[in-house]
Every structure is written in structure tokens, then in C-alpha cells.
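Remarks on the structure that follows.
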Amino acid sequence: MELAQEARELGCWAVEEMGVPVAARAPESTLRRLCLGQGADIWAYILQHVHSQRTVKKIRGNLLWYGHQDSPQVRRKLELEAAVTRLRAEIQELDQSLELMERDTEAQDTAMEQARQHTQDTQRRALLLRAQAGAMRRQQHTLRDPMQRLQNQLRRLQDMERKAKVDVTFGSLTSAALGLEPVVLRDVRTACTLRAQFLQNLLLPQAKRGSLPTPHDDHFGTSYQQWLSSVETLLTNHPPGHVLAALEHLAAEREAEIRSLCSGDGLGDTEISRPQAPDQSDSSQTLPSMVHLIQEGWRTVGVLVSQRSTLLKERQVLTQRLQGLVEEVERRVLGSSERQVLILGLRRCCLWTELKALHDQSQELQDAAGHRQLLLRELQAKQQRILHWRQLVEETQEQVRLLIKGNSASKTRLCRSPGEVLALVQRKVVPTFEAVAPQSRELLRCLEEEVRHLPHILLGTLLRHRPGELKPLPTVLPSIHQLHPASPRGSSFIALSHKLGLPPGKASELLLPAAASLRQDLLLLQDQRSLWCWDLLHMKTSLPPGLPTQELLQIQASQEKQQKENLGQALKRLEKLLKQALERIPELQGIVGDWWEQPGQAALSEELCQGLSLPQWRLRWVQAQGALQKLCS
């Protein structure tokens, strides 16, 4: 076994180191014979110490490179480059985090602006609602007394309606005095009696004395007040139908009494038939209803009663003045012409007084009309505000309704999503998996059979059914060019990997990037070598001729020392700047965060935000950047 291994190593050495073609390669039996006996030690020494010129150059270059890497200056430079690379990566990460923070801040500002606008709208609506509630309370307070009066009137009307539903029987005309009278008939009879007494008190003194009674006469005022109170009580306590029926019953009684009184003289038929004639002639004409006549009469009575007190006062004053003037004229006993002039002057004064009173009354009516118009405008404005507020409330309710509907639809969709996903998996993924599973098993079986024929390929990772059964899958899969070293392209890739110092299992598609990277390193080293040669040539030409070797060495040592000091100072300055940059990164983040919290983030190009437009905010940002750069420098 060891002999075969030595023969194989000898064959590989002949091909790789000595460049022997594969066709001219000695057979394995010959190589075994060479490795027998003392030839084994000789060939072992040759394999260990004899190399091709290319390998020797590679080893020398590696030794020089390792020695160059072991120098403290190079190590320090590499460490600084690594630190600079790390700091650049950190600065890039900080820039990315700043961008993310700016986006988050912009989103938060937008959300805060929307929340602020929503809060302002809510406050305005709440203020409008409070004002509307105050106005409604004041209006309710002002309408409380009219509402109470309307309720009392409604109760009275309901009582009247309930009483009107009850039928009242008055009995026959002959037996009216024997039975009990209804209350409505008794009240109507009392009102008619008081009315008759009032008319007697009103007409009898006129017939006796020829002058009208004053309203201040005791008997006249008492009868008038009694009649008014009785009529008011009658209309308040009894429905109009009962009052009308009672009046008809009393009219029938009076008619019966008149008939009975006129029957003895034979005048009943003639006198009674006379008023019936126009009734027969006018029966075809449509007459107004009794209710309408009563309402119209009481309306006229109310207007006259309201005007009666003022007119009576004015009449009393004017009567007193007139009586005084008449007495004075009678005392003076003027002539007829002077008397006529006096009467005309008195009439003129009366007419002027009436005209002035009418003018004042018209002025009061105009003021009242203007006040009513002002109240009407205020009510119309209130109505418009109420309608606008109602429209806003309806729009808000509609938005809330749509939001609730959208939320319910989203919840329903979210509830249905797991089931839909499961159904989709059952409908599409499971049949596809079942259809692919036999093919994958067949391919796996074929792959296992091919692996038995290719023992040099490491395909263990491809034979795993699942990633979690054995070891995690490798990041680099084996290449197909590693089938066998005897393949035409495989040998070239194997030689390239050996030259680059890569492991033999490296995939061929990854060799070219590694070769390109090493090519860049080679170019960099060549540039450094040319720079050093130029520095050496410049140094040789700048030195005066004839200097001894010792002085040259001293000058070189002093220059190297000065270069080391300059390099050390430059590295210290760089390290100090990096530390300052790391210390000022939080300050930079704070400044940028403070600026992003300003209201300029919500400014648009066509609007002003806190008195500044978007270009002005950008100018402020540029100025802040310049100040920050000065601070960092």
C-alpha cells in the first residue's frame, strides 16, 4: 500500500513539477520498481527537495511576502486599513440608519399633522356643539312659558273634547221648569240674564237723561264685569256644541213664551209668520256656520275690549277738557262768530291730537315690524347654522358608518384568510408535491447509481433528502470539473487552483474571481515596486558623488527614521480624527433629529409652514450642513 502511494506521488511529481506530458508518463509498475529498496529514500529526498523553477519562484515569493507581512510597519498599515474599512462600514450603516430615521420621522410627522388636524376639527365641532347646546337651552328656556300655556290650553281643549262627546239632553219645553237643568243651560241662562241687565243699565239712563253713562259708574261697571266673567267661565268650562245647543233651547223657550203670549190676541200667526218669510226665501243661499260666526264675533269683541280701556281713558280726559272749555265759553258768553272759531279751533286740536296719536301708533308698528324682521333674520341664521351642523353630523355619521363597515369587512377577510390559504395549499401545492415526489425519488435513485460509478466526486451533500437530517448544506457546491484529473479542462482548473494556492475542492466558477483579485494584488505590488525604484533612483541622483558607504547608510537610516516619525504622526492624526468623528456621531444624529422634528418637514412647495416655504427650509438645511461640516472639521 505504501509502495503504491509512493509510486503515485512520484507520477504526480513528474507531471506537475517536471512538466512530463500525460502520454509520456511511465506506467505504475515502472514507478513501483523505482521506489523499491534504496531507491525509495532517494526518490523521497528528490520529491521533497527538487522542484521546478516555477515552484521555486513561488516559494521564494511566498517567503518574501510572508517576511513583508511580518514587518511591524506593514502589519500596522494593514490594521489601520482594516480599521478604516470598518469605520467606513460603520459610517455607511449610520447613514442607512439616519435615512431610516428620517423616513420614520417623516411618517411620524405626517401622522402627527393628521392627528393635529383631526384634533382641531374635533375641538371646533365640540365648540360648535357646545354653542348650539347653549342656544338650544336658551331657546328651551324662552319656550318654556309658551309651552306651559299651550299645555294648559291643550288640557282644556282635551277636557272640552271629552265633554263634547257627552250628549246633553235639555228635556221638553213644557216641563223645563219642573225638572233639573243641565249645568251648561244654567250657565247660558245666567250669561243671558247678565247681558240683559247690562243692556238695561246701558240704555235706561240714556232714555231718562239723554247722556251716555261713563265706565266708572259703579252699577254699570259691575254688571259689565259680571257679564264678561260669566261668558269667560261659560266658554272655558263647556264645549261650543253644548253652548250652541243651550242657546237654541233658550231660543225655543223664548219663542214658545212669545207664542203663548200672542195666542190670546190672535197676533201669533201674523207676527210669527213675518220673520219666517225671509227664511224661506233665503234657504237656498249658503250661510256661514254658527261656529265661524261665534269665533268671528269673539275675535272682534277681543279686539274691541283691548282697545276699549285706552279709548275710555282718552275719552274721559277729552270730555273733562271739553266740559271745562264749554263752561269757560259759557262764562264769557262770546258771539256767534267767535263761538264758531272756537269750535273750529277745538275741532282742529282734536283732529291734530288724533293725527299725532295715529302717527305715534304707526311709528310703534314700524319699530315692532323692524324688531320682528331682525328676530326673523336671527332665526334664519340660527336655522342655517343648525342645518349646517346637522349636515356635518350626518357626514360624520356616514364616515363612521363606512369605517365600521370597512373594519367589519377587513375582520371578515382576515377570518377567511387562513382557510383560503389552507384551501389554496390543498388545491395547488399538495397535488404538485404529490406529482413531483415520484420524479424526485427516481432522480435520487439515478443519482445514487451514478455516484457508484464516480468515486472521486464528493456528492454527499446532494444525496441528502432534507437539509436537517445530517449536516447543514455547504455554501459552495462541488464543481463538475472535478470529475477526474485526466479530463481536458479538469487538469487546467486543477493546475490553476494549485498555482493560486486554493484547496482542490474549490469550484471552478470561483477560481476566476480569486485569480482576478490576485491579479489586482500583483499590479499593486508592481506599482509599489516601481515607486520604490523611483525613490531609490531619485535618492541616488540627489546625493552628492563621492560619499562613503557609511555616510550613505546613516543618511538612509535618518530618512527612514524621519519617514517612520512622519508616518506615525500621520497615523496619530488619523486616529484622532477617527475618534473625534466617532464622538461627534451622536451629536450629528441629534442635530439631524432636531432638524427633522421642525415643522419644515410638513411644508409643501406651494404652501407656507410657519412663515417659510420649502426652498427657504432647504436653504436652512444647507446652512445647517455647512455649520455641521465646520464643526466636524
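Glycine is no exception: its Cβ is also placed from the backbone N, Cα and C atoms.
If you compare Ser71, Ser487 in Swiss-Prot, the phosphoserine annotation sits on Ser71. Looking at 73-110, 187-224, 301-338, the range annotated in Swiss-Prot as coiled coil turns out to be 73-110.
Swiss-Prot lists coiled coil at one of the ranges 131-172, 425-466, 551-592, namely 551-592. Of the given residue ranges 27-55, 259-287, 346-374, 375-403, Swiss-Prot assigns the label coiled coil to 375-403.
The local packing around Ser71 (phosphoserine), expressed as other Cβ atoms within 10 Å of its Cβ over all shown chains, amounts to 10.
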